[in-house]
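A.B. asks: The following block contains the structure, expressed as C-alpha cells.
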Amino acid sequence: MNALDETTNLLPIPEEEGGDLELEYHKHNLSLPKLPILTSLWLGSFVSSLDGTIVANIMNRVAEEFSESDKKQWIATSFLLTNTAFQPLYGKLSDVTGRKFALLMAYFFLVIGCLLTCLARNVTEFAVARAICGIGGGGINACSSITVSDICTAKERGIYQGYANIVFGMGQMLGAPLGGLFIDTIGWRAIFGIQVPVVMVSAFLAYRNVNIKLSHVPPISERFTRKNLSRIDFLGSVTLASTICGVLVLCSTDLNKLVVSLATAASFVLFLWVELFYAAERILPFELLKGPFGLSSVVTVCSSFVIFGDIFRSPIYLQLIHDLSVTNTGLFMIFPSVSVAVGSLVTGAVLRRTSKSLELCSYLFVLAGIALQLTGLVISYYLVGVVEPALSTQMASTLTFQFASQSTLWKLVFVFASVLVGFGYACLLVSTLVSIVFSIDKSQQATMTGIFYLWRSIGNVLGASLTLVVFQNSLTTSLRKYMLESHRSFTKKQYYKLLTDSSYLRTHFSGDTLLGLLKVYRGAFLTSYLPNLGLAALGVALSLALIRSYNKTK
C-alpha cells in the first residue's frame, strides 16, 4: 500500500497508460468553482436531514391520527430501509453514468416521495411514501460525499466533511421544532409539501454546476447500455434490504415466526452468494473488510445504532411520559443536532491542523466519540429510571430546581446526555471518513467511502427500528400483565386501545391509575436502552483494538 499523508489527493492519479487523461481530468475537477457545487450538494443534504428529524418528532402524532400507534416503527424504518439498500447503488451508478445523473435521480425520488407522503391516508401509505423518499435520500448522501472527494484533497476532506455535517446538523436542528410548529398549526402534510420546491432548486443547481470529468465513466452513448448498467449490483441491494426487512418483520409482527425466519435466512444466504460468486462489481467487497477498516466499520454500525435509537426514542419518551407537546419536544431535539454540527467542525479542524500522526488522531477520535456516546446513554438511562412521570403538562413544565418530574434540573441533564451522544457521533463520523485515506489503497477509496455509508445506514435503520420494536414489544407484554393478568379493573378494549392509540392514555385515565400506567411505559423505555448500551460498550472495546492494531504496525 502506498504511503499517504494529509496532502494526498483522494482520487488516484495513475502513472500507467491513461494516466495523462486522468491527471488532466483531476486537475479540471480541482479547479472547478467549489461554492456552487457545494451549494447544490448541501442544499439537498439539508432537506434530507430536515426530513429525518421531522419524522422522529411527529411520527407518534401521525400514528395516533391514523389510530395505528402500534405500527409507528414502520414510519421510521421505511425511509431508513430503502436509504440503506440504495445508498451503495448510487456510488456505483455515479461511476457508471456520471455524478450528475446519479444526483438528479436521487432528487427525483425525493420529490416523488414527498408528494406521495402528503397524500397518505394510513400508516401503510405513509410508510411506502417514506420508502420512496429514502431511495432519494440515500443517493443524496452518498453522491454528495463522493462528489466532494472529486474536487478536494485529503487534507481538505476533513474540514469539508465538517462543513457538510454542520449543514446536516442544522437540518436536524430545525426539523424537530419546525415539525412541532407545523403539526400544531397547519398540519403535518404541509411539512412534506414545502420540501418539494427546495429539492427542485437543489436539482437545478446540480444540473448546472456538477460538471465533473471522470476517465472511467463511459461516453454518453454507452452509459445506459445493458452491459454498462449490469455493473450495478441490484440483486445484492435487494437481498440486503430483504434480509434487514425480514429481521424487522420477525421482531415487530405476529406473523408465523418459522416462516419469516426461514425467509430471512434464505434472503441472507442469497445475499452472501450474490456478493461472493455472482455480482461482477459488488456493493460489499468482503476481502476489504479486514484490519483497521473492518474494525472501524463495526464501530460505525454501533455508533449509528446508538444515535438513531436515541433520536427516535427521545421524542416519544418526552411526549408520553412527561406530556410535552410536539413543539416543546422539538426544542429538546435542537441541542443534540447542534452538538453534531459542532462536533463535526471541531473534529475536522483538529485533524486538519494536527502536527501528529493523522491516522492515530483519527483512531483516537473514534474511541473518544463512542466513549462519549456510552457516557450519554448511561446518564440518560439513569434519568429515565429515577425521574417520575408527569401527570399533567403543567406539572411537566414547572420551573423548580429539584431532581423530580416537575423540575428543570432533570431536563438540563437529559439534554446534556443527548448532546454527548450527538457530539460523540460527529467525532466518530468525521474521523472514520478521514481514516479511510490511510487504511485503504487509493484505488479503493471511492468504493470504500460508499461502503462506509452503507455501514452507517445499516446502523441507522437497525438503531431506529429495533429500539422502537424492543420498546413496543416490552410495552405490549408489560401492559398485558399489568392490565389483564393482575386482577385490576381494566378491560381488553382499553388494553388494545392503548396499543393502537397512545393519546388514549391521558384522555381516559387520571390520578393513580394514570401514574401506574405511565410507570409501565417507563419500564418499556428502560428496556429499549439495553441494545444501545450493549452496542456502545462493544464499540468502545473495538475502538481500543483499533488503536492497538495501529501501535503494532508502527
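Just so you know, glycine gets a Cβ as well, placed from its N, Cα and C.
Found this in TrEMBL, in case it helps:
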- 37-551: domain 'Major facilitator superfamily (MFS) profile' (DOMAIN)
- 102-120: transmembrane segment (TRANSMEM)
- 163-183: transmembrane segment (TRANSMEM)
- 189-207: transmembrane segment (TRANSMEM)
- 232-252: transmembrane segment (TRANSMEM)
- 258-280: transmembrane segment (TRANSMEM)
- 292-312: transmembrane segment (TRANSMEM)
- 332-351: transmembrane segment (TRANSMEM)
- 363-384: transmembrane segment (TRANSMEM)
- 412-438: transmembrane segment (TRANSMEM)
- 450-471: transmembrane segment (TRANSMEM)
- 529-547: transmembrane segment (TRANSMEM)
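Can you walk me through where each of these features ends up in the structure?
C.D. replies: Taking Cβ pairs closer than 8 Å, the transmembrane segment (102-120) reaches residues 40-41, 44, 47-48, 51, 90, 93-94, 126, 128-140, 143, 147, 189-190, 192-193, 195-196, 199-200, 202-203, 206-207, 210 in its own chain, all 6 or more past its ends.
Long-range contacts of the transmembrane segment (189-207) within the same chain, counting only residues at least 6 positions beyond its ends with a Cβ under 8 Å from a Cβ of the stretch, are 36, 39-41, 43-44, 47, 50-51, 54, 58, 100, 103-104, 107-108, 110-111, 114-115, 117-119, 178-179, 182-183.
Long-range Cβ contacts of the transmembrane segment (258-280) within its own chain (Cβ-Cβ under 8 Å, at least 6 residues beyond either end) map to 230-231, 233, 235-236, 239-240, 242-243, 246-247, 249-250, 286.
Here the transmembrane segment (529-547) has Cβ contacts under 8 Å with residues 292, 295-296, 298-299, 301-303, 305-306, 309-310, 313, 360, 363-364, 366-367, 370-371, 373-374, 377-378, 380-381, 384, 463, 466-467, 470 of the same chain, all six or more residues outside its ends.
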A.B. asks: Where does the mean pLDDT land for the domain 'Major facilitator superfamily (MFS) profile' (37-551)?
C.D. replies: 82
